[in-house]
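Reviewing the structure listed below.
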């Protein structure tokens, strides 16, 4: 039987598509229902190298190929959602599983991947990073403020009326810009200006598998943002100056993005609950590259379990962008502190971890005995600033309570009413019982406030009743008062804003961790906890996540690009990683938060906390060409066709001979399988972009138990010698199967410190995970 769809099924699918189009034309997006063809789902079909430089001709070839396969032009028209024709050649189409298998066998089809859903992963943070908000002759960062660069934000859209997106002081739109301001619900060309220079939206893939507006939050079928995630990230990256931005009096100051003179291009591909279809995101990136962006900021990615590289569409999209000279910045994910959870961990992206900054919001807990303790909180919706009875949760449990935790249904309403409740959670509860959940359980039971004891927390949240987070030590003192006082009472005061908190920063608990098998991920860390930025309605609110860290780096990339216009994406990545800071504002080493607080290593923060000023002048860079990435892919098992699909280039077979994946010229080194008694040699090449006549000497910090040698140990550059290679040898006599150990290689000319993080694992036997 022919694997193509039967005529009756096709007609049924056609009717549903027509119905959906009718609803769209009637401007009823808030009532848009799920359009589901039970026998089809969206697949992305990669068609290899482009046969035409003309996008129109490429699109026609896509329709012809699918028409021949499905048997008619009408069937092809009904099937195709997107034609990808700028960075690479491919389509997103509705296909049955049988059709997908059959089309994969057609000559010229390289790969067929089912569509899937990805998720979304300020006033003080830029001061903390040392980025000035006005011209300073001492800081080269203030010279351009990102002028002339275009940041493409792939996210949930934008609220264009926010003060952060006014175009006062903005330079003209670059002549190379080819994008548009796409019309849609409550969004038209008047919503674009010299700050937001373009906007598009992509929803076809999402509505194939999900019902839009099912949650009751009515999203806009346009580039307009409803949830705030996209507005927040866009304003963090390149928002204009806004005086006295604050959240209910907290964190007041001048809000601005990292590159306030950079232009923004908005690509809405995330919808309800921050979810989006990979087919939509792929189309957004394809369009962004063609429109002329310099940087793509993508605070999104797949969730655990992570997809393999050959099935991760973000990997394909990021490489096609890199091949066109676009720097791709991505959030590493919020699955920490568990290891091996870092998403978007590709050698051609800049993956970003999240840290705290030196700002806190202390809240006074005043007990009836006049003792005062301090916790952390954000704004309360309401507070009487009066004393109320204080009780611990285990004394007010409902008869059917399953535990002593403050969870819905666990508390006796009669005993809880009018009281402030002391609650607690264990480290294992941290993702299922945070202060918001606890406060809601208490509020529903009639309580008026919550004090939540947690082993660790770097996520402040707003509650509908006063809520304060404390550590176990403080909680023990409060509990002692509860059980010893005859009538314990307490008062929760409104939080304050305090800066200069030490030690800072710390890697956030939620920030996803490495390792990747060959690449130390994440690449770099940036502020991502309690970041104040714009949201819909003209307001400013706090958000936390690696989604907030990502646009910090995107803004910094724009600053670098505006100064060094000829730098490649790999040069920018190298500059960020090799100049990252290992120490905090107090000079002590940066720690990583979690159940077991520890010194941060490359799998927590990559090269360290991003240092914008040093990244402008790194001294040396590790440059990587597109051909190098291809050789890397071949070395780990990809075949020609799977690689050439990504761009219109191919690999010369002679160049691959002897290439090892470990030799990809990254500014970091991972040796995952150093066998006992054997030597591993890794090659790197650096290019001098500092003083023409300079000599760099190697400084090694070897991981414990590992012997490292460098050949040569010094590198001399002049007007004719601009790039030099060196070899790094690793050896160990350890006989135990070990964990990763960390060190570094730093090249120094007395002015620059070019630091590469090193991760090495010694193995005594081959494990299943090594396959």
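Positions of Cβ are set from backbone N, Cα and C atoms, glycine also.
If you draw a 10 Å sphere around the CB of residue 155 (active site, charge relay system), it holds 31 other CB atoms from the protein chains shown. Taken from TrEMBL, the feature active site, charge relay system applies to 155 (among others).
The active site, charge relay system annotation in TrEMBL covers 229 (among others). Of all Cβ atoms in the protein chains displayed, 24 besides its own lie within 10 Å of the Cβ of residue 229 (active site, charge relay system).
As annotated by TrEMBL, active site, charge relay system applies to 547 (among others). DSSP assigns residue 547 (active site, charge relay system) to a helix in the three-state reduction. Within the same chain, residues at least six positions away from residue 547 (active site, charge relay system) with a Cβ under 8 Å of its Cβ are 120, 121, 229, 232, 233, 299, 300, 331, 334, 528.
The domain 'Inhibitor I9' annotation in TrEMBL covers 43-121.
Taken from TrEMBL, the feature domain 'Peptidase S8/S53' covers 146-581.
Helix first, then strand, then coil: DSSP counts for the domain 'Subtilisin-like protease fibronectin type-III' (663-760) stand at 1 helix, 60 strand, 37 coil. The domain 'Subtilisin-like protease fibronectin type-III' annotation in TrEMBL covers 663-760.
The signal peptide feature in TrEMBL is assigned to 1-29.
In the three-state DSSP assignment, the secondary structure recorded for residue 229 (active site, charge relay system) is helix. Secondary structure counts, DSSP: the domain 'Inhibitor I9' (43-121) has 30 helix, 23 strand, 26 coil.
Averaged across the domain 'Subtilisin-like protease fibronectin type-III' (663-760), pLDDT in this predicted model comes to 95.
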